[in-house]
Protein chains: 4
Amino acid sequence: MSFNSFGRVFRFSTWGESHGPAIGAVVDGCPPGLTLSEADLQPWLDKRRPGQSRFTTQRREPDEVRILSGVFEGRTTGTPIALQIENVDQRSKDYSEVAAKYRPGHADYAYDAKYGFRDPRGGGRSSARETASRVAAGGVARLVIPEVRIRAYLVELGGIAIDRNRFDDAEIDNNPFFCPDAIVAAEWEAALDAARKSGSSLGAVVECVASGVPAGWGAPLYAKLDGELAAAMMSINAVKGVEIGDGFGAARLRGEENADPMCPGANGPTFLSNHAGGVAGGISTGQEVVVRIALKPTSSILTPVETVTREGQATEIVTKGRHDPCVGIRAAPVAEAMMALVLADQKLLHRAQIG
Amino acid sequence: MSFNSFGRVFRFSTWGESHGPAIGAVVDGCPPGLTLSEADLQPWLDKRRPGQSRFTTQRREPDEVRILSGVFEGRTTGTPIALQIENVDQRSKDYSEVAAKYRPGHADYAYDAKYGFRDPRGGGRSSARETASRVAAGGVARLVIPEVRIRAYLVELGGIAIDRNRFDDAEIDNNPFFCPDAIVAAEWEAALDAARKSGSSLGAVVECVASGVPAGWGAPLYAKLDGELAAAMMSINAVKGVEIGDGFGAARLRGEENADPMCPGANGPTFLSNHAGGVAGGISTGQEVVVRIALKPTSSILTPVETVTREGQATEIVTKGRHDPCVGIRAAPVAEAMMALVLADQKLLHRAQIG
Amino acid sequence: MSFNSFGRVFRFSTWGESHGPAIGAVVDGCPPGLTLSEADLQPWLDKRRPGQSRFTTQRREPDEVRILSGVFEGRTTGTPIALQIENVDQRSKDYSEVAAKYRPGHADYAYDAKYGFRDPRGGGRSSARETASRVAAGGVARLVIPEVRIRAYLVELGGIAIDRNRFDDAEIDNNPFFCPDAIVAAEWEAALDAARKSGSSLGAVVECVASGVPAGWGAPLYAKLDGELAAAMMSINAVKGVEIGDGFGAARLRGEENADPMCPGANGPTFLSNHAGGVAGGISTGQEVVVRIALKPTSSILTPVETVTREGQATEIVTKGRHDPCVGIRAAPVAEAMMALVLADQKLLHRAQIG
Amino acid sequence: MSFNSFGRVFRFSTWGESHGPAIGAVVDGCPPGLTLSEADLQPWLDKRRPGQSRFTTQRREPDEVRILSGVFEGRTTGTPIALQIENVDQRSKDYSEVAAKYRPGHADYAYDAKYGFRDPRGGGRSSARETASRVAAGGVARLVIPEVRIRAYLVELGGIAIDRNRFDDAEIDNNPFFCPDAIVAAEWEAALDAARKSGSSLGAVVECVASGVPAGWGAPLYAKLDGELAAAMMSINAVKGVEIGDGFGAARLRGEENADPMCPGANGPTFLSNHAGGVAGGISTGQEVVVRIALKPTSSILTPVETVTREGQATEIVTKGRHDPCVGIRAAPVAEAMMALVLADQKLLHRAQIG
């Protein structure tokens, strides 16, 4: 019921602001006896880390995670795991303009409307900086589901989609876009360079696939696997849409096209297609779990936009500073983390009820 | 934490199977003193009721709701409100084929994989019959948010989209499709008749809009308004995608196109566009809250589909019985109910934290 | 988070008022495949049923429980189990005095202070009638923990304590007081008859013991087994105190007296005493789990008490009607139910985290 | 639903082990706009701090709390408040004996039985060191309920009770026992010195009183004010019993003695006595909320006790180290913190439902 916690049995809570001294997460309900050290988490954080190409914010954060509790002699004890990441490169000296004017597309106005005031330094709590905590927590979650392999990549950037026939898993880590299609990656580079130079930004679509999920995970009706994934993914900054399997495309199919036929397989029934994205009735079917999320273009742009001051006067704003021209890129490791966190929780929930 | 409950302070739990004696919901956390009788809820159930046109299942259910607790002398007391609807027209005599074979696209196989067995009568718990309970609970939720008007309608059926220029709110209740465009409604009628006659089914896209939501509702980060809506909507049977505002379309806009500019207004700042769908940083902005959901075509079709038996043998199945050729139609009142339930909860959550 | 739900994975919610048409419970998270019918629950309800001796209220309620969902062909399906009990003998014709004046010791004033008004018929939601729903839900919980035997009995009534040397388990069901000491049972009979005739009432202490609980159940720190038991027991009407093991007596022991020494046993370590009541650090130790609860004397008495009207005028009240002269008696089966409900939940929680 | 979180809307989670690098709490759901700095929390921590007299552990911890998030320019922002306290004086070099043998009365065996192994350094997570985090969180809670004054003190130590006629609020902070009776404080000093010298320990009873709580807080039936207090208090280390108002004493009263008569008062109805301890039907009545808790004597004693090794061999143990000879003393500020945390949560819950 906490506002800043997610999960039911395997549960994490995050805290921290963009320009505070640190951010962190507390993971609760983790099974005991799992081998865990900072070295298990750091690679995931490194993947999300800013400043690794000219296509992400130039803020320099080492994003070194520390484990402050819940581990003894290298193994989880079953007690809460506190994870902490220092904010090193805050540079919040000058936030007077952001404090005084609402940036359209940002949470500024909504936060003021809700809380009466806000921490304007780097977006405060509404900054995507918080997602580093999720990625750390997601690293713990991965240890709970060793049977599952999770992979996120971009399938669209600035309206340019990949060609599924050129999909190459090995390509994903070969370019700064987590793009599985080398040819389209080059197009994205050009498009994003152009957008960046013109002071604009682009949106993206990220696909996240989990393989190895056994049939039976998911807790219908209001803790359905797809419902939990929808909530998890929609909670990521800038996400405006979530699809499972064919998603909106399924609405354009006929019944016989959309139903995934089944046939006998070596290890039980198998499916001849996966329009459902691995979930039926809110429960995993044993197929790949496929989620796609739409990310809007960053609202932090150099193009001036009409807005109002806190006092309600008309004005204009140009959002300077160090921003990702396409937040969709760094959302890929965050989507992986959220997938891991949901699946770890569902695995434990399943075990609770079914044994 | 219940699997079958939703909401945090204003919270409902549902129970019941398609062919059991009854279904119901318990609404907890409702403020006291609200005027409530069955007559306040019945109209919403009537809207969702099956058998009202040839485009929905011919199962005949009066769907009369009874209030068993939580109301004294016509007013809510602040204690749990138990709502109950009898199942009248079950006809579950012959479910042997459904019990023996998995219907592709249904939850049959997933339920067996999870629970070891299942109630096969009419889909048991996985049937959309459960949504009647939500609609009843949603009727209570509406009383908690009298300042909000909620409206759901279809914007696409069988791949045929409405023309936004012909959008007519008054038209929505004039056709069996909750279609705001009279011309396209006729096209849908033809398409759905054809699908029905050929033993097929069609998908749909439902849009649900809430107006009157004040700025400030939503509890970031993991009880964000849009996150809660995503979970709520994805929990509806057959839903495979959820969008807020421009949704996937936003991923194809540039930063300056997507940012909703602000200007001074008579009652505080207003927006010049609503790409965001009324939510920023997980908090309402005071604009219309706009959600769209994609519904797959019904899997219950007369076209034979390849499948397996419970014992894993290859076979074929034809799903006879009384089914909606397009489940998207009756999903419109359900989407309205879920919107009301989320907003009522967020209103109370906001009041808890902010006063 | 619901106000009227209890438990985390194995969770129940109750609804209903003393003089409404029915009361009920929804049990969620129950494992599938358990054999369950009304006949499994009825004996527990019969034990709590009013009107079985002159020492309990003369309200005549058959307390027949119906299962409305979650069971198919005699087995639990893993979906919510709706339990319902009709209110048959309401007699709420004349509640004008109770509505107009606050009964000292009852919840009348507090409910009005909270909700602005209340259902005065038989105490409405604050009536111990609700505990029938718990007993039904507890019957389901018992099926989840077949390894555990739960037994509650009175150890004190009207200040007269049993003699532990005469403790006879077989005696408990031989008298209307759940008293394990035949001699003191006769004293209680005399004391309670005298109290009843003089229009007064008596308090009691109930002890509830669970044997067969394995070491390891309990989820520290804020879902500790003893913490959950304390919350569960304190939620029973008229309970004003809860003790685990030696309870308040432990505060008068020295460290070496209170520590339960351990020694090797046939099936692992055993203990030489059980001052701790089977719980250490919030986790079961494998010993008997021992809880004691104090119940105040019924506030519904024929002796006039000074009070005020709803309008705040001084007056007097005599609470006529059908009341238990000692609510502690019927609290014994309710305490057993709460013990079962907590243990079932902790078993599943343990299984979730530990496997 | 987290194991290590408490509260519903105003909610805190704690993490950390006795000898880890730090401990902490995350407070979620705090209203925005409250003035908060470390200086507001430190006095409460100082009250609980060890090493202030010879009657508490000699471990030297400055217990300096840092606020890492949720505060901007001295005011709470409505986002999670992360509180952190470094462990300075761990001295965990030699924990081999504790790791190898179970200390009777401690959580050692239960933790091993649950988790398979444990952090033996200073008791790990089961150490009362964790209560420093609660006290810090409780300091935030106090800001949410400025209308309430909370006071905890010992009423019994080593079986020696205070004389209520000598109760002097001003005396409480004048002695190292939070004792409101100067004469009995001297007796406690002698008794505790004797126990300490003989390698033993003593139990205690703490009373905690909240005044200024308005009528109407509490969420029946399973989030009742007294139920929440019972869970909160029972979660404190070494607590074995909880009473509200007259508690177990109420079980020995007659109905007419126990009912608190009401009469008209200047500000609405008032009560002529407070046997109920300020709670009726789970809701506050506007009287003082009175809770008493029993604390067992510390199990860490120098007297040898029979026990077993991890391998199940018979042995003896003497628990050396720095321990409180009466843990009841430092439980007083912890009880105050838990009272504040429960009341803050109930205030916000009330506001959510009632407005």
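Using the three backbone atoms N, Cα and C, a Cβ is placed for every residue, glycine included.
The following features are taken from TrEMBL:
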- D:Arg48, D:Arg54: NADP(+) binding site (BINDING)
- D:Arg125, D:Ser126, D:Ser127, D:Asn237, D:Ala238, D:Gly281, D:Lys296, D:Pro297, D:Thr298, D:Ser299, D:Ser300, D:Arg322: FMN binding site (BINDING)
Practice problem: Report, in whole Å, the straight Cα-to-Cα distance of D:Arg48 (NADP(+) binding site) from D:Arg125 (FMN binding site). | Solution: 18
Self-check item: Neighbourhood of D:Arg48 (NADP(+) binding site) by C-beta distance under 8 A, where only residues 6 or more apart in the same chain count
Solution: D:Asp63, D:Thr131, D:Ala132, D:Val135, D:Arg330, D:Pro333, D:Val334
Quiz prompt | Other CB atoms, at most 10 A from the CB of D:Arg125 (FMN binding site) | solution = 29
Quiz item: Here are the binding-site residues: D:Ser127, D:Ser300. Which has the lowest count of other Cβ atoms within 10 Å?
Solution: D:Ser127
Practice problem: List the Cα distance (Å, whole number) between D:Ser127 (FMN binding site) and D:Arg54 (NADP(+) binding site). | Solution: 20
Practice problem: Report the same-chain neighbours of D:Arg54 (NADP(+) binding site): residues 6+ apart in sequence with Cβ closer than 8 Å to its Cβ, ordered by sequence. | Solution: D:Asp193, D:Arg196
Self-check item: Collapsed DSSP category at D:Arg125 (FMN binding site)
Solution: helix
Self-check item: Same-chain residues at least 6 apart in sequence whose Cβ lies under 8 Å from D:Ala238 (FMN binding site)
Solution: D:Ala128, D:Leu295, D:Lys296, D:Thr298, D:Val327, D:Gly328, D:Ala331
Self-check item: Near chain C - the binding-site residues D:Arg48, D:Arg54, D:Ser127, D:Ala238, filtered by Cβ distance under 8 Å
Solution: none
Quiz item: Is there any among the binding-site residues D:Ala238, D:Lys296, D:Thr298, D:Ser300 whose Cβ is under 8 Å from chain A, and which ones, in sequence order?
Solution: none
Exercise. Count the other Cβ atoms sitting within 10 Å of the Cβ of D:Lys296 (FMN binding site), across every protein chain shown.
Key: 31
Self-check item: For D:Arg48 (NADP(+) binding site), the three-state class that DSSP assigns
Solution: helix
